[in-house]
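Below: one structure, written as structure tokens.
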Amino acid sequence: MLSKIKKEMNQMIKPIAERTNLHPDYITILGFILALIAGYLFATKNLFFAAIVLGISGFLDMLDGAVARIKFRPTPFGEFLDSVMDRFSDAAIVLGITFGGFINWILGIFLLHSFFTISYVRAKSESIGVNCEIGIAERPERLIIIFIASILGEFVNLKIMTIFMIFLLLISYITVFQRIHHTWKAVKK
């Protein structure tokens, strides 16, 4: 969904990207390290700080690509590293939420599976020549939902975190099926 406003978002972070002197691969790794810290904060039930660190990690995930496009040439390895670090980051976050007791381990396994499957379906689709940047729960949306759930869980009611994670699981699998359907339609033509 947010991919539709990607140009506007890139314009907003362009001034920051232009002033950044770090190589985009280092920004990617820093974002992953912050996701690990966010996962730890979730596991220790520190929702507010987990949300803040997660937000910074998500911002760095946008920034690395912008820096690559503006100051460096995007490279196949940079794209590969970004994708792999995103999956590691997703695992750290979901495992932290699970170990924190906000969801049970079965829901945690399915949530992690849905995150990985969204990415896998896109990669496989693009490997056969179909652009697959579609779905209601792409990575930015998932991070925003976790961020909002964490803030509401901290200040309103912890049960909100569980409710939001169930909602996130549902829309993540909807995204998987949207991507499968999109790819099927594209190759059927």
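Heads up, the Cβ atoms here are built off N, Cα and C, so glycines get one too.
Same-chain residues lying 6 or more positions outside the transmembrane segment (21-42) and placing a CB less than 8 Å from one of its CB atoms are 49-50, 53-54, 56-58, 60-61, 63-65, 67-68, 71-72, 77-78, 81-82, 85, 88-90, 92-93, 95-97, 99-100, 102, 150. The feature transmembrane segment is assigned by TrEMBL to 21-42 (among others).
Residues or ranges marked as transmembrane segment by TrEMBL: 48-70 (among others). Counting same-chain residues at least six beyond the ends of the transmembrane segment (48-70), those with a Cβ under 8 angstroms from any Cβ of the stretch are 9-10, 13-14, 16-18, 20, 22-25, 27-28, 30-32, 34-35, 37-39, 41-42, 78, 82, 86, 89, 93, 96, 139-140, 143-144, 146-147, 150-151, 154-155.
All protein chains shown were included, and the count of other CB atoms within 10 Å of the CB of D61 (Mg(2+) 1 binding site) stands at 22. Summarising the annotation, TrEMBL assigns Mg(2+) 1 binding site to D61, D64, D82.
With a 10 A radius on its CB, D86 (Mg(2+) 2 binding site) counts 19 other CB atoms from all the protein chains. Here TrEMBL flags D61, D82, D86 as Mg(2+) 2 binding site.
Per TrEMBL, the feature active site, proton acceptor maps to D86.
Through the fold, the transmembrane segment (91-116) approaches residues 32, 35-36, 38-45, 50, 54, 142, 146, 153, 158, 161-162, 165-166, 168-169, 172-173, 175-176 of its own chain, all at least 6 residues removed from its boundaries and within a Cβ separation under 8 Å. The transmembrane segment annotation in TrEMBL covers 91-116 (among others).
Taken from TrEMBL, the feature transmembrane segment applies to 160-180 (among others).
Remote same-chain residues near the transmembrane segment (160-180) are listed as 47, 97, 102-103, 107, 110-111, 114-115, 117-118, 121-122, 125, 132, 134-138, 141-142, 145-146, 148-150, 152-153 (criterion: CB distance under 8 Å, separation of at least six residues from the stretch ends).
One residue stands out among the binding-site residues D64, D82 for having the most other Cβ atoms within 10 Å of its Cβ: D64. Neighbouring residues of the recorded Mg(2+) 1 site, listed in sequence order and excluding D61, D64, D82, comprise P24, I27, T28, G31, L60, M62, L63, G65, M85, D86 (Cβ within 8 Å of the Cβ centroid). D61 (Mg(2+) 1 binding site) sits 8 Å from D86 (Mg(2+) 2 binding site), taking the Cα positions as reference.
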